[in-house]
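Novice: Handing you this structure, nothing more for now.
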Amino acid sequence: MITLFSHVKKESKTTVLNLSFIFWLMLSEVPVARGVWPLPQKMSQFAERYPLNPQAFAILHENNSQAQPGCSVLDTAFKRYFSLTFPGYSGGKERSSDCLAENPFSGAYTYALVVRVEEDDCDGYPNAESEEKYNLRVSAGGGLLVAKTVWGALRGLESFSQLVYQDEHNNYFINKTEIEDFPRFLHRGILLDTSRHFLPVPTILKTLDAMSYSKLNVFHWHIVDDPSFPYQSRSFPHLSNRGAFHPSTHVYSQTDVRRVIAHARLRGIRVLPEFDTPGHTQSWGKGQPNLLTPCYHGGKPDGRLGPVNPAAGTSYQFMTRFLREIHSVFPDSYVHLGGDEVDFSCWKSNPDVQMFMSKMGFGSDFTKLEAFYMERLINITASLNKTSIVWQEVFDYHEKPKSLSVVEVWRGGCYLCEVRKVTQAGLRAILASPWYLDQPGPTHDWSRYYNVRPLAFMGSVQQKQLVIGGEICMWGEYVDATNLAPMLWPRASAAAERLWSDEEQTCTVSEAFPRLAKFRCSLLRRGVQAGPLSVGHCQQEYQEL
């Protein structure tokens with residue numbers, strides 16, 4: 001907060017008017033404090049400001065930091081954030097931390113941000129428990145960023161980059177600032193659907209960049225579905241050869257997948273793959289014979305195929321081998337198994353499935369059959385040391401929910417009632433219901449995503465601790481590379497602040513609007529095609545980078 005007077009004594013009317021004029025004059029010369037999106041847990045800003053010269057600025061490893069030059073996550077981040085901190089600067093290359101680290105007081109720069117990391121996790125991947133807390137202090141002597149992990153350091157670098165601004169002469173400044181920050185929720189994700197419309201790899205990479213600007217940390221990759229199977233499997237190449245929109249132009253090769261995972265890692269983002277079964281699998285059946293259930297009409301097969309056949313042992317043999325491959329390709333310890341919107345009509349018509357139902361004692365309750373299938377997959381996943389995430393129907397149909405781990409709540413209606421049930425059963429919950437950005441509605445109506453209260457349900461403290469976060473979902477029926485960015489941003493940023501920041505400090509839409517509008521302008525300048533919030537303009541409008 002900018003504080004010019006801590007106390008003004010009541011005097012005569014003339015004195016007050018004179019003080020008011022002086023106050024206005026001082027305000028006109030003091031730059032407005034710069035905001036950070038999402039809002040840090042604790043931030044103090046002051047009128048005192050310092051000029052920054054890009055040619056004499058450096059981001060350095062502190063001598064006592066556990067991360068030193070050679071740390072891939074931070075070395076690439078230092079270079080990346082130099083460009084993000086000084087947008088429009090083209091006067092020369094950034095100061096190299098490599099050459100300055102041995103003698104950080106060599107005089108090669110006039111201002112430096114020094115980074116101290118307390119744990120050496122440079123070679124790993126972010127995980128579900130990664131700590132993202134950081135402290136940032138900006139003063140006349142320089143900036144100091146302290147974090148326990150490199151992932152926290154990345155969040156601090158993002159905040160620092162947002163604090164730097166330019167005056168009317170395009171000179172760079174930063175105000176004296178103190179920040180103590182950490183996320184409210186550990187899981188803050190975006191779901192992209194690459195089956196209904198194929199998203200080229202560069203589009204995905206640009207989305208990961210934009211996610212890092214809003215401190216989102218999970219890319220939920222809904223990679224396959226009914227319309228197409230773009231994942232190029234090593235073990236089952238026919239899945240994409242026959243199930244993708246095109247077997248060479250509309251597929252994600254193993255190299256593509258590694259590229260996405262590597263790009264995400266350097267930005268502190270986990271890649272959570274989803275291979276949704278037993279429903280949403282029409283594209284699977286094109287490349288894997290006998291996987292799906294033959295539908296019957298009048299006692300005979302009618303040529304249609306339904307969900308994965310849960311009565312066939314070959315289905316589980318296939319899924320075991322396929323999930324073993326997914327385990328080797330995706331390093332995250334979690335995998336999303338789907339389990340939503342299963343149409344039981346084909347199962348009901350199939351005599352082999354009916355016989356299996358009778359044998360298992362399921363009667364005519366096909367929710368028990370789905371629960372049986374999902375239980376088998378969850379056990380396969382557990383044998384591979386992976387933790388399963390499922391959509392809420394799997395929880396609703398499970399008589400023994402304790403075998404589940406994480407449930408994603410996506411249905412409308414009283415979604416917090418479902419969150420309450422999930423956490424009451426001792427399971428972790430991810431909330432997605434209120435953040436379906438592909439749903440009809442004005443794209444500028446960001447406030448409905450901002451006003452979500454994820455913990456506003458009757459429950460114990462322990463229950464609310466089981467809500468690990470939320471996801472912003474962009475399903476692909478009407479979304480492809482041409483409109484993805486303006487559909488996502490800055491509305492996803494509104495949800496990102498709800499998932500990162502303290503709710504009591506971010507409960508007013510009117511106070512958030514000018515901050516989000518400024519952040520949207522910074523997204524445009526960074527090459528993100530963020531849609532407008534209202535009538536207005538940005539000093540630097542969007543230009544294709």
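Cβ coordinates come from backbone N, Cα and C, glycine included.
The feature active site, proton donor is assigned by TrEMBL to Glu341. For Cys71-Cys122, Cys295-Cys346, Cys521-Cys538, the entry in TrEMBL reads disulfide bond. The annotation domain 'Beta-hexosaminidase eukaryotic type N-terminal' is assigned in TrEMBL to 36-163. The domain 'Glycoside hydrolase family 20 catalytic' annotation in TrEMBL covers 185-502.
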Novice: So of all those recorded positions, Cys71, Glu341, Cys346, which one's Cα sits nearest to Cys521 (disulfide bond)?
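Specialist: That would be Cys71, nearest by Cα distance.
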Novice: I'd like the number of other C-beta atoms within 10 A of the C-beta of Glu341 (active site, proton donor), please.
Specialist: 13
Novice: Within a 10 Å radius of its Cβ, which of these disulfide-bonded residues (Cys71, Cys122, Cys346) has the fewest neighbouring Cβ atoms?
Specialist: Cys122
Novice: So what pLDDT does the domain 'Beta-hexosaminidase eukaryotic type N-terminal' (36-163) average out to?
Specialist: 88
Novice: What's the CA-CA gap between Cys122 (disulfide bond) and Cys346 (disulfide bond) in angstrom, rounded?
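Specialist: The separation of the Cα atoms works out to 50 Å.
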Novice: Out of the recorded positions Cys71, Cys295, Glu341, Cys346, give me the one sitting nearest to Cys538 (disulfide bond) by CA distance.
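Specialist: Among Cys71, Cys295, Glu341, Cys346, Cys71.
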Novice: What are the helix, strand and coil residue counts for the domain 'Beta-hexosaminidase eukaryotic type N-terminal' (36-163) according to DSSP?
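Specialist: Within the domain 'Beta-hexosaminidase eukaryotic type N-terminal' (36-163) the tally stands at 36 helix, 35 strand, 57 coil.
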Novice: Considering Cα atoms only, can you say which of Cys295, Glu341, Cys346 is the nearest neighbour of Cys71 (disulfide bond) among these recorded positions?
Specialist: Glu341
Novice: Would you kindly give the Cα-Cα distance separating Cys295 (disulfide bond) and Glu341 (active site, proton donor), rounded to the nearest Å?
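Specialist: With the alpha carbons as reference points, the distance is 17 Å.
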Novice: For Cys295 (disulfide bond), which residues of its chain lie six or more apart in sequence with Cβ-Cβ distance below 8 Å?
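Specialist: Residues satisfying the criterion: Pro301, Asp302, Gly303, Arg304, Leu305, Gly306, Ser345, Cys346, Ser349, Asn350.
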Novice: Starting from each candidate's C-beta and looking 10 angstroms out, tell me which of the disulfide-bonded residues Cys521, Cys538 has the most other C-beta atoms.
Specialist: Cys521
